[in-house]
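> Here it is, the structure in full.
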Amino acid sequence: MVFRKPPDGGWGWVIVVVSFFTQFLCYGSPLAVGVLYLEWLDAFGEGKGKTAWVGSLANGIGLLASPVCSICVSSFGARPVAIFSGFMVAGGLMMSSFAPNIYFLYISYGIVVGLGCGLLYTATVTITCHYFDKRRGLALGLISTGSSVGLFIYAALQRELIDLYGLDGCLLIVGALSLNILACGSLMRPLESSDSPPPEKTCVDKVPDQYFVYHEKEKTVEENISILEKGYVDEKCANNMPDYKQDSILNKNVLSSINVNEKDTYKKKVVEQTNFCKQLAKKKWQLYLNYWEETVVLFKNKVFSALFVAILLFDIGGFPPSLLMEDVARSANVNEDDYRMPLISIIGIMTAVGKLILGILADFKWVNTLYLYVTTLLMTGVALFAIPFAKSYLTLAMLSGILGFLTGNWSIFPYVTTKTVGIEKLTHAYGILMFFAGLGNSLGPPIVGWFYDWTQEYDTAFYFSGFCVLLGGFLLLLAALPCWNACANKSSKLPPNTYSYKVASSA
């Protein structure tokens, strides 16, 4: 497919708007699943750890399947994938309203909705990158706030719908709202070149190879028959042989000629197909080996190795508050009359603010993006340690706002990855890191829930969460210290294509 130069505007702004609403509609319910989590606890009577798997799968499965999502968008395009995924998200939410047990929700809400969200995220980011080049950062920043705004609105919306129509009615209505993704997806027009379309194949080019083989045989047979018929007529006139004898000779010659040519053609095609398969297998195997060689080279980079550990531990410890904060307030016996706004809504709106402010800070030349990211990790760990001491709505709301703002460090994570491995390795490295981020999202809430099931209180669970985030932050800080660069300069040269993060004020 031939693409025009990104217009950095025009229909691209329509793409930004529909991508914003797509992420708003698909991620609103999964990110605000903490409201539903309380209802599922009461409805099914399962443990907190087992119930937390529903929300963690919905938020983690999309990241775990990010390579598959990328292949789907590359193969079919953003618009078909967005429309198909809209049916997945809406269908999964509506199916969840009929869930007879928690295991059904693992499939309908956790896997179906989660995978649909992962496909939609990839589709919106891909189509936006096609339409923007110089303003790509601004465009991606705008669409990424869609999920945070969705969290802010859906937390209050789902609570109101549950009060009016019950849990099943809430899921049906939210699923019906998700059908608007189909309208958004239909507007994701691919950026194709209309001025110089690719030349169409001629009628001969459109014919399959098997058809050529068949007609090659047929042509050879016709040529042999015509030649033999000509010789047959000449010979008949010269020798005046009886017809039945000449017919017998002709049939033998034709059959022998047909068999020889058919065998030769068949053998030739078999050899060609065998060689093609061997070359294709060899090429695929070489690509596979290159992929793992590049992966090994990436992990030789100390900062990248620390970054992979940090993102895993951050999601194990930092993601549970967005899912469990409402239950934390209920466990702390917070008076419902004090609620001015759901705690999850506060997390959502402050996450959007954090994404914008941290993204702006990362653009300043004097800001070291790696140290900025480490700072957010350390502050998140301290805030998690403070949750067990919060016993009122006001203190929980303040901590929710702080945690939401710090979670906005997702907007600077691509900057950190680029500085660590280089732009040419970004796609490979980012895919690996997102896989482990999805693993952390999937494991974090169940682990915290299991801690509660064992101890019947959240204090130990959030001490564990804070320790995980602090450990990841300190490991990343140690790996980024300037002394490592000094040691690297004294030691032997690094292997080719290996990148080290140079800590400098201009980073």
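Cβ from N, Cα, C; glycine included.
Straight from TrEMBL, here's the annotation block:
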- 12-40: transmembrane segment (TRANSMEM)
- 52-73: transmembrane segment (TRANSMEM)
- 80-98: transmembrane segment (TRANSMEM)
- 104-125: transmembrane segment (TRANSMEM)
- 137-156: transmembrane segment (TRANSMEM)
- 162-183: transmembrane segment (TRANSMEM)
- 303-319: transmembrane segment (TRANSMEM)
- 339-358: transmembrane segment (TRANSMEM)
- 370-390: transmembrane segment (TRANSMEM)
- 396-417: transmembrane segment (TRANSMEM)
- 429-452: transmembrane segment (TRANSMEM)
- 464-484: transmembrane segment (TRANSMEM)
> Based on Cβ pairs under 8 Å, which of the stretches 80-98, 162-183, 339-358 lies most in contact with the transmembrane segment (137-156)?
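The stretch I would name here is 339-358.
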> Same-chain Cβ contacts of the transmembrane segment (303-319) under 8 Å, 6 or more residues past its ends?
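For the transmembrane segment (303-319), the nonlocal Cβ contacts are 56, 59, 370, 377, 380-381, 384, 403, 406-407, 413, 416-417, 420-421, 429, 432-433, 436-441, 443-445, 447, 464-469, 471-473, 475-476, 478-480, 499-501.
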> Let me spell it out: take the transmembrane segment (162-183), skip the flanking residues so only those 6+ beyond its ends count, and list any with a Cβ under 8 Å from a Cβ in it.
21-22, 25-26, 28-29, 35-36, 39-40, 43, 82-83, 85-87, 89-94, 96-98, 120, 154
> Count, for each of 12-40, 52-73, 396-417, the Cβ pairs lying under 8 Å from the transmembrane segment (429-452), and report the range with the highest count.
52-73
> With pairs fewer than 6 apart in sequence excluded, do the transmembrane segment (52-73) and the transmembrane segment (104-125) have three or more C-beta pairs that lie under 8 Å?
yes
> If we skip the immediate neighbours and take only residues 6+ beyond the ends of the transmembrane segment (464-484), which ones have a Cβ under 8 Å from one of its Cβ atoms?
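Those are 302-303, 305-307, 309-314, 316-318, 320-321, 370-371, 373-374, 377-378, 380-385, 444, 447-448, 451, 500-501, 503, in sequence order.
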> Need a quick answer: max count of Cβ pairs under 8 Å to the transmembrane segment (370-390), which of 12-40, 52-73, 396-417 is it?
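Answer is 396-417, with the largest number of Cβ pairs below 8 Å.
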